[in-house]
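Lifted from Swiss-Prot, the feature list:
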- 44-64: transmembrane segment (TRANSMEM)
- 69-89: transmembrane segment (TRANSMEM)
- 99-119: transmembrane segment (TRANSMEM)
- 130-150: transmembrane segment (TRANSMEM)
- 201-221: transmembrane segment (TRANSMEM)
- 246-266: transmembrane segment (TRANSMEM)
- 286-306: transmembrane segment (TRANSMEM)
Amino acid sequence: MDWLKRWFTRKDQDKTETTSASKRAKITSSLLMFSALYEAKKPLKYTIVYILALVNAFFLLVFIQQTGLYSFGISSLTQGFARLLFVLLKNLEDGQRNLVFNIFYWLFYVIVNIPLIIFSYKKIGKRFTILSTHYVVASNVFGFIFSIIPGANQLPSMLSAVHHTEFWEDAKKAEGVDQSALFVPFLWNDTSQGNVIISTFIYAGIYGFVNGTSLAILYILGSCAGGADFLTQYFARKKNRSVGPILFYVNTFILIIAILMGSFVAGSIVLQDIPDYKKSAWQVNLFFSPNLIATFFSVLFTGTVVSHLFPRYNFAEIKVFTDKIEEVRLALLNDKATHSLSIQETMGGYSLAKKRMIVSVTMYVEIPNLIRIIRKIDKDCLVSITRIRGIDGYIYLRSQD
């Protein structure tokens, strides 16, 4: 019987060890990327804005200006106009021609933004507009400075192969074509441009990711990239929902006009001076070029990245399990923003003791602020966050300015 007693004793000990193997651990996960930036202070905001402006200027120069692609929105108009102007001013010296091109490509966009900046100041708010204006001016001034550096007009490495295509060989033989040939969209029927077209899509994807990330961070900081973004932010804040589909159509219309100017018309003018390619001028396939498709690919990729990194109009339910229920409640009530707030009765699963928890429905972007307030009162409480697929009714939203 001793062996039986020892066996049961060992089993009991094993159970105890298994139970004691469980330990209390702190788990932290976030529904938001760059969550720390939602509460960034003013000096940090401006520092990040200028860094983003510098990065965007570089990528815009290398991945858009030099590749025949376009940005999205109003900036595409100034880009298309600058390309058309470059082709038309072929009688100017190269230095003057490039200077005029860069002024209209970069600095003219700042001028176009002036009425939109005034609109934003009156309709959206002071802080938002000032921060956005810093970005608009800085990114385009940086871009202009980069563009006038000697050698800045050199093609990216993967696109330099365009100089070895059949089209480029014929363009070099034509009189007065020179750099204007770079503004001719890639041609579907020129098999020698196959590798260059693939490279263009790669560059479009890279720029789409970088641009989407930059835009998301700007939105998180409480600013935008200017242009049509001012209108986007105004309608989004007024309607308290994303107006992406409507603005996508508006920006697409603007982009089509830009491509008509900077690629279709400008490209056709250049092709008329190249004997073997005269027939390609003013053809429909010149408009529906690889450049157009790659541009839309970049735009869609940008939108996808922004939606993932800045889910502004997504909602979540927050449950706070704390023994300091009254202190947390008062802290939330004393916050500058009004939060939806309810208290529910619960029962402990082990002790069967009655407890209470705080429940709040809020936007994703408000979660870091709520957790910060709660943690000031109770560093050890459990905060549960659940995504909400849909919502219908009134809810308190923090003022944006």
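Counting begins at 1 with the first residue displayed.
Just so it is clear, glycine is given a Cβ too, placed from its N, Cα and C backbone atoms.
Small disclaimer: the values here were computed from a predicted structure and weren't measured.
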Of 44-64, 130-150, 201-221, 246-266, whichever stretch has the most CB pairs under 8 A to the transmembrane segment (286-306): 201-221
Non-local residues, at least 6 beyond the ends, that sit with Cβ under 8 Å of the transmembrane segment (246-266): 68, 70, 72-74, 76-77, 79-84, 86-87, 180, 183-185, 228, 231-232, 235, 282, 286-287, 289, 291-292, 295, 299, 303
Within-chain partners of the transmembrane segment (69-89) [C-beta distance under 8 Å, separation at least 6 from its ends]: 60, 63, 97-98, 100-102, 104-105, 108-109, 112-113, 116, 179-180, 183, 200, 203-204, 207, 211, 226-229, 251, 254-255, 257-263, 265-266, 269-270, 291, 294-295, 298-299, 302
Considering the transmembrane segment (99-119), which listed stretch of 44-64, 130-150, 201-221 counts the most C-beta pairs under 8 Å: 130-150
